[in-house]
Ligand SMILES: NC(=O)C1=CN([C@@H]2O[C@H](COP(=O)(O)OP(=O)(O)OC[C@H]3O[C@@H](n4cnc5c(N)ncnc54)[C@H](O)[C@@H]3O)[C@@H](O)[C@H]2O)C=CC1
Ligand SMILES: O=C(O)[C@H]1O[C@H](OP(=O)(O)OP(=O)(O)OC[C@H]2O[C@@H](n3ccc(=O)[nH]c3=O)[C@H](O)[C@@H]2O)[C@H](O)[C@@H](O)[C@@H]1O
């Protein structure tokens, strides 16, 4: 399916025709007309899994089932080792998927102890009832859709790789497939919710599919784009800055929107829920991502000027960001944005602009992508130029493959573009280390290179190693390509990047980090009647009590590879993301003159030079350049 602007159909209600006589979306009474007991979330990925889990957590009387065609993914969601790494996610899933047993009411002693650290309000309101599981993961798509009152569509919407609009238009095959399944198997009146990021006017496409299969049956369609970021997905879902709900201006549309708003209102203040028209809702997601990416390209364009003038891009970002009209976020210069969404969403926006006769608008957004490519290209070519224009016989170390810190997502990493250019120079070896990305995920990404360079073949130059020191040994140049805190040589590791403690073994004696607070709050918000407005620190005994009430998780097979990576302390880590690299040790194992290329601005130059490194940082003039 190609994404062009769809023509208006006669009789299609226009979102602008908002009618004062339509039911009020924000009124819980309106929602009462559409009770939601069963939700089916189609797509158990980075969005579907966490979103469904948080909805289930806050709506214990609603049965939420996440379906996916990928059996392995569903097995992982049902097991101990979730398929994606997100701080706090295991807590949410554990409570909603496995449930908890009945608990004891907090004693007055505990309440007093709490009063001392400001947590008495929470402690005094702990509810002791058991929680039944209400989050399920399944491959039974047809059956689950058939029982649903509401279907959230969270399937992948990548860029088309062939045919009309190749490289820019959105590939709607998976989305269309999900809609067809709903059209064929859903009950009349089931509410369809677009959670995937889709081109503007997709609501019309859904309408056409439904009409073709079930003529005359009303299926209300909502747009509810997701704004979570990977690495902070649970926090973003628990405390969203806005929940956008787009609907048609019909009675059924408003009632459906009210039903969805009601689900969110169990934990999101109603003032943050924004009902808007459906086309605005679809377009605002693309616009938000495009504008975030645009800021990154803007600061990156300045970084190129800095390198040639002696200015320092981090100082520019700081001073520019102090202007409250601009603000400090998304001004970190580096290798440009990666990940599965920014590029594809801007491509989709440019294609949409062109297809509705706005080539100037398309060209404007295209430039954001051009600048992004320029950044990696410039960085990689500078590495080669610094190493005497040849990588023959040389070993290069890549520290960090993930597209950003705190995620194991290897999709569309800037590292891939850097690697492509380095490989052209025929290096002897490229060693890649990333603390969270799995070897299989990195290999899957590298297959696009495999065809060209046989890079990942057994005798190819690329190796993926699990030890950063092994990766750096005998290296001619170390390249930092992900902003992992553990790569920094200045500040202590941000507490938020600590892995989440497993509830069963959490003993509360190791100090409280923001993650621990999040972990606790999840229990608190579920078990307490009054929700804390701010993270508070409850006493250890209460924590332990809450943890002990969780129903035990399913067990793993004896030969489970993931289990091998569980720390003896009981902290679940796929790999270690908290132990900082000891750069002084690395200085002893790399080759002279100890080149380090920092593509993320995470290394302090003075400290690195003090250890004998030669450091090149993107966005700064090198002290070693002529
Ligand atoms: N990854 C992110 O951080 C964010 C993604 N989004 C958007 O959310 C959507 C989903 O993204 P991700 O979760 O990252 O994708 P993903 O690729 O991780 O997950 C999509 C899942 O849908 C499944 N699927 C596809 N068609 C299906 C069908 N007909 N029936 C059952 N399962 C089916 C796939 O097997 C896959 O597991 C995309 O539109 C993306 O742009 C929005 C906000 C954040
Ligand atoms: O639609 C989506 O998929 C999501 O895309 C982004 O989230 P995400 O891609 O997970 O991560 P970001 O934190 O936005 O970072 C994206 C890329 O930009 C880079 N970046 C970010 C910020 C910055 O200042 N500089 C910079 O280079 C990151 O390293 C990363 O490669 C948006 O932030 C989310 O709001 C959106 O929901």
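Including glycine, each Cβ sits where the backbone N, Cα and C put it.
Of the residues proposed, 332, 344, 488, the one TrEMBL records at the same NAD(+) site as 68, 73, 157, 197, 230, 411 is 344.
From the candidate list 187, 285, 443, the residue TrEMBL records in the substrate site shared with 227, 228, 229, 230, 330, 331, 332, 333, 334, 338, 404 is 285. When Cβ atoms from all protein chains are considered, those within 10 Å of residue 333 (substrate binding site) total 27, not counting its own.
When Cα-Cα distances from residue 331 (substrate binding site) are compared across the binding-site residues 157, 230, 411, the shortest belongs to 230. Within 10 Å (C-alpha to C-alpha) of residue 197 (NAD(+) binding site) lie the following recorded positions from 229, 285, 333, 341: 285, 341. When the binding-site residues 157, 197, 229 are compared by the number of other C-beta atoms lying within 10 angstroms of their own C-beta, 229 comes out lowest.
By the rule that a residue counts when its Cβ sits under 6 Å from some atom of ligand 2, the binding-site residues 157, 227, 229, 230, 411 yield 227, 229, 230. Taking a Cβ distance under 6 Å to any atom of ligand 1 as the criterion, the binding-site residues 68, 73, 331, 338, 411 reduce to 68, 73. Under DSSP, residue 285 (substrate binding site) is assigned to a helix (H, G or I) in the three-state scheme.
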